[in-house]
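Lifted from Swiss-Prot, the feature list:
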type     : residues         : note
BINDING  : 108-131, 216-239 : NADP(+) binding site
BINDING  : GLY181, GLY183   : K(+) binding site
ACT_SITE : CYS186           : active site, thioimidate intermediate
Amino acid sequence: MRIEEDLKLGFKDVLFRPKRSTLKSRSQVSLTRQFTFKHTQTQWQGVPVIAANMDTVGSFAMARTLASFEMMTAVHKHYSLAQWQTFVSETDPALLGHVMVSTGTSEDDFTKTRQILAMSSALRFICVDVANGYSQHFVEFLRKIREACPNHVILAGNVVTGEMVEELILSGADIVKVGIGPGSVCTTRVKTGVGYPQLSAIIECADAAHGLGGQIVGDGGCTCPGDVAKAFGGGADFVMLGGMLAAHEECGGEIVDVDGEPFMKFYGMSSSSAMDKHAGGVAEYRASEGKTVLLPYRGPVENTVRDILGGVRSTCTYVGASQLKELTKRTTFIRVREQENNVYGKE
């Protein structure tokens, strides 16, 4: 047993230190990034925010809307092949360039993913997603799918430490998904005692990935546009959002009437709700590691997207970054004990 004495930080522990800027308006800030991926040398250009591969967030409808903002969607793995075929046949190939095909690590997942990718050459992204990216089985699956799909960009996770980021990149991942336990409907830290404060995880994992020519996704922990900006400021190349995009028209979640007001069900993918729906219940050898909540129905997601992107643009103007790429170079975080004045409630 050993104890690491270094203090690790989450988004609530810091604020940006403002800096002099020559920018006159938020409209001068570009949030578009261009990446060349390590294993394929293919390029992608867009706004590096990704809708999470949760079945109440990462839907086909969400993908269509976010693509209009040049954002990405990791479409959840529970759509059938027939549903994928319909989506692909009805969708502009340019839009498919903003879609990730999500998969688990079973043999059935592997076979299904290859069948989906064969539907269109425009499907270039694979999201290999497990809760625990530290298992040898996961690394072996990553090598297998890299060998089978040499021309596809692979996102793999989740991990929270630099050495495992390096392992995944060297095993075939172009992008590594970072985050264990920070999500709004994740209870892993409570059920297992395992986790890592998200901002420190991003800072440390970004350093490891960039040294090998890879990228990272900060996955989880963002509750407001300022948190998204902090993730980018900490070095994340992409930021993945679940709860911030939940309960919208495009989500496909179950709508529940509560005292005449519409609410939408939102749950973690390791929750009993998810396992009841997709796995026939919680297996006797495991515990649920997610919660189920009802969120007020929020209408079309485009208004929320504009709020998030507007907040990040504003961050850039405060620190003098004319492009999102410059934000991490212009970032100085200050440690704080308070974030906002809540005398009249939270934003």
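Quick reminder: no glycine exception, Cβ is built from N, Cα and C everywhere.
Sequence features, as recorded in Swiss-Prot, placed on the structure.
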residue	record	DSSP class
ASP108	NADP(+) binding site	helix
SER120	NADP(+) binding site	coil
ILE126	NADP(+) binding site	strand
GLY181	K(+) binding site	coil
CYS186	active site, thioimidate intermediate	strand
ILE216	NADP(+) binding site	strand
CYS222	NADP(+) binding site	coil
VAL228	NADP(+) binding site	helix
GLY234	NADP(+) binding site	coil
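DSSP assigns ARG114 (NADP(+) binding site) to a helix in the three-state reduction. Nearest neighbour of GLY181 (K(+) binding site) by Cα distance, taken over the binding-site residues ARG114, SER120, ILE216, CYS222, GLY234: CYS222. On a Cα basis, CYS186 (active site, thioimidate intermediate) lies 26 Å away from ASP108 (NADP(+) binding site). Compared over the binding-site residues SER120, GLY183, ILE216, VAL228, GLY234, the count of CB atoms lying within 10 A of a residue's CB peaks at ILE216. In this structure, the C-alpha atom of CYS222 (NADP(+) binding site) lies 13 angstrom from that of CYS186 (active site, thioimidate intermediate). Separation of the C-alpha atoms of SER120 (NADP(+) binding site) and GLY183 (K(+) binding site): 32 Å, rounded to the nearest whole number. When Cα-Cα distances from the residue listed as 'active site, thioimidate intermediate' are compared across the binding-site residues ARG114, ILE216, VAL228, GLY234, the shortest belongs to VAL228. Cα spacing between GLY183 (K(+) binding site) and VAL228 (NADP(+) binding site): 13 Å, rounded to the nearest whole number.
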